[in-house]
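Engineer: Would you mind keeping the following structure in view while I ask a few things?
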Amino acid sequence: MQIKRSIEKIPGGMMLVPLFLGALCHTFSPGAGKYFGSFTNGMITGTVPILAVWFFCMGASIKLSATGTVLRKSGTLVVTKIAVAWVVAAIASRIIPEHGVEVGFFAGLSTLALVAAMDMTNGGLYASIMQQYGTKEEAGAFVLMSLESGPLMTMIILGTAGIASFEPHVFVGAVLPFLVGFALGNLDPELREFFSKAVQTLIPFFAFALGNTIDLTVIAQTGLLGILLGVAVIIVTGIPLIIADKLIGGGDGTAGIAASSSAGAAVATPVLIAEMVPAFKPMAPAATSLVATAVIVTSILVPIITSIWSRKVKARAAKIEILGTVK
């Protein structure tokens, strides 16, 4: 049976399929973990420890050495994405109720959901798109996008926007596994190769544990809103990213569109933030469902939009080149 190949046909499948299975488990048998106990309970409830190992391995996979072009492109996209998420957070905090929208079509929408969906790019999706439509340097720009993985950037955005306050040691605790992994991976290439193999392997495990915090009725209630959130992520982050790529990154805007997705790891952010700030716990399930839907939507639409944009840009460049030759 080609189970893995079938799952990978779904955008973000290795994250979303286990997430859905976990949600099924939680919806129809919420006490399964406590009933079985031991290792089974650990797999069902171990979101935070599994993610801690994943962040460590993610840090170990990042190479410190990169060309100036790669760093400029990557830095431009990362900073722009985070800046846009901060602006959205600042505006949303003045419009959306403190505990999120509780009634009507927008029920479940919160500042936490918006920031989590917008501040993190799907680095793997970006790299695969740019390998097809961009240069090697542009494809390699995902090197700094891994720094967005995890709750740190979301914590910084929520903290600096005045939406939440975090003690300094909480910030350190959130980033320490990543930094230790980063240090070890760059001190020893063999360790980098060893730990980086676990990055993809651990995704289904933390996705399943994360799914066990979600009730499927919440997904049903936030389905259409999640689709709209995914479209909003592409529009709201995509336009500034295109402009930044052209003006600062030295590109033609293609990399900007390719970076306008939501990362699969962003699905875990609401739960992790809620662990640190209990005030966010009531919003976490709905925010997780919204972000999960946004991940699917952006994973489908971003490659299509990037393809259309790239073809138009290249056609325009070819036309200008022909006109220049004629003259």
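Please read every residue number as a count from 1 along the shown chain.
Glycine is treated like the rest: Cβ placed from N, Cα and C.
According to Swiss-Prot, the protein carries these features:
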| type | residues | note |
| --- | --- | --- |
| TRANSMEM | 10-30 | transmembrane segment |
| TRANSMEM | 42-62 | transmembrane segment |
| TRANSMEM | 73-93 | transmembrane segment |
| TRANSMEM | 95-115 | transmembrane segment |
| TRANSMEM | 139-159 | transmembrane segment |
| TRANSMEM | 163-183 | transmembrane segment |
| TRANSMEM | 199-219 | transmembrane segment |
| TRANSMEM | 224-244 | transmembrane segment |
| TRANSMEM | 254-274 | transmembrane segment |
| TRANSMEM | 289-309 | transmembrane segment |
Engineer: Counting Cβ pairs under 8 Å to the transmembrane segment (95-115), which of 10-30, 42-62, 199-219, 224-244, 289-309 comes out on top?
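Structural biologist: Answer, by Cβ pair count: 224-244.
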Engineer: Report yes or no: does the transmembrane segment (289-309) come within contact of the transmembrane segment (10-30), defined as 3 or more CB pairs under 8 Å with a sequence separation of 6 or more?
Structural biologist: yes
Engineer: Out of 10-30, 163-183, 254-274, what stretch is closest in contact terms to the transmembrane segment (199-219), meaning most Cβ pairs under 8 angstroms?
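Structural biologist: Per the Cβ count, the answer is 10-30.
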Engineer: Are there residues at least 6 beyond the ends of the transmembrane segment (42-62) whose Cβ is under 8 Å from a Cβ of it, and what are they?
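Structural biologist: Non-local partners: 22, 25, 32-33, 143, 146-147, 149-150, 177-186, 191-192, 195-196, 198-199, 202-203, 205-206, 208-210, 212-213, 268, 271-272, 275.
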Engineer: Against the transmembrane segment (10-30), which of these stretches has the most C-beta pairs under 8 Å: 163-183, 224-244, 254-274?
Structural biologist: 254-274
Engineer: What parts of the chain pack near the transmembrane segment (224-244), using Cβ distances under 8 Å and only residues at least 6 beyond its ends?
Structural biologist: 76-77, 79-81, 83-85, 88, 105-109, 113-114, 117-118, 253, 255-257, 259-262, 289-298, 301-302, 305
